[in-house]
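What TrEMBL records for this protein:
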type	residues	note
BINDING	B:67, B:115, B:204, B:208	Mn(2+) binding site
DOMAIN	B:43-123	domain 'Manganese/iron superoxide dismutase N-terminal'
DOMAIN	B:133-236	domain 'Manganese/iron superoxide dismutase C-terminal'
Ligand SMILES: [Fe+2]
Ligand SMILES: [Fe+2]
């Protein structure tokens, strides 16, 4: 399934890629399609009595009306209160009493992805995780430009902040259906087999823009550390933007992105990478210190044969 | 002075008349001329056989208008563009551009094909929408699925289970002479599931098809849509294709 492989959104050809994609529509004024906002309010309470719930539906880190007028309270009431809740409820129901029970949500995503041969719980697990990550990617009064390390890395890996914006918006607007666009910190894996890159450094890791279909997220590829995401399922923008998907993507970048959250995630990703390396290094040293045991094992095999 | 003001007002008016509003018309006409010179067919938005509001309360007029005028129109616009680019890439020749265009052609061409069928699959209740199929299609449904209700259940279940955006179909396998229920992701047309498959009925389960009315409850949309399904159309296609 090539859909599930990382697809970097490059726009290197002379064809203007976004011009042929779903988000591209011209001459459309959203003002001609305004719908009544007062319809129904979401008041349903989660009915979890029969399930020994593992994962909780975390609320966004701001009130549901805090992103108005860009993202309406009505959108959040449905998107968080219904869609996100359903993913969490269904996941809890699905994993109850199975081997998947008891893992962190992140581990559940990776395990149920099962190297591409996905298990039934994957869609709900990944969507539960994606939405948590999405809410925390935004803040009231967000947008603008990042700063510090993050900005330096963006400029190093994309050329400039504007070029990054272009690439991110292109990735988001060229989805062929439901899905997500991401900024991720990609760990370099120059190690081949048992040969280790002797000069590993932070410089080898880089920022990349990727898009994923439906529920898939970069966690499943290992060595991709997600930093920012935008939900481009139609439910994310339909109430506020109708088919004005490009408009939604632009406004999201201009007014909603929490660059603080992205910076924090970058720091965490760096720390996690360092941890992993130290762990790998420790294992290597342990192996080296116990040569007799590792030699003895194959001999036992030969004897058994 | 007055004359100049009048003139500029006139100019402004003519600009507004000729450019601002009919910009797209002018562009389309120019594009059409280019196309016809090159012998390329230009696809246009098909009319519906009923008013936007005629499927209410099952599908609201707002959904129908947005879905037809904006979504379907965008697939057509981008399909035409992709075909134009394809033609010039072939003429160049630029093989990598030709190959690169395939996904846009499949998506936008598929979007046009699928929606064109979808509009035919719907009819207002007072014009026969929702009346179960009679004749040979009715018999075939009973034979392959047990009953009409069993077919509906199967379509609803598969449509609800489809991840993300896509379509659920009742199709005819011309080779095996049997009816099938299939789903396709995104805008893939039914033929991508098998060259012998002919679509009799396709239901759009993209969120844009129901969100304004049914929000996150896709199963309710699927449950209700049977009240406006035009089985006459499906029967005609079935009879033509199975004979
Ligand atoms: Fe979502
Ligand atoms: Fe549609």
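The backbone N, Cα and C atoms fix where each Cβ goes, glycine too.
Everything TrEMBL records as a feature, shown here on the structure.
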{"residue": "B:67", "record": "Mn(2+) binding site", "Cβ neighbours (10 Å)": "23"}
{"residue": "B:115", "record": "Mn(2+) binding site", "Cβ neighbours (10 Å)": "24"}
{"residue": "B:204", "record": "Mn(2+) binding site", "Cβ neighbours (10 Å)": "24"}
{"residue": "B:208", "record": "Mn(2+) binding site", "Cβ neighbours (10 Å)": "20"}
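Proximity to chain A, defined as a CB-CB distance below 8 A, holds for B:208 out of the binding-site residues B:67, B:115, B:204, B:208. Listed in sequence order, the residues B:68, B:71, B:72, B:118, B:206, B:209 complete the 8 Å Cβ shell around the Mn(2+) site centroid, once B:67, B:115, B:204, B:208 themselves are left out.
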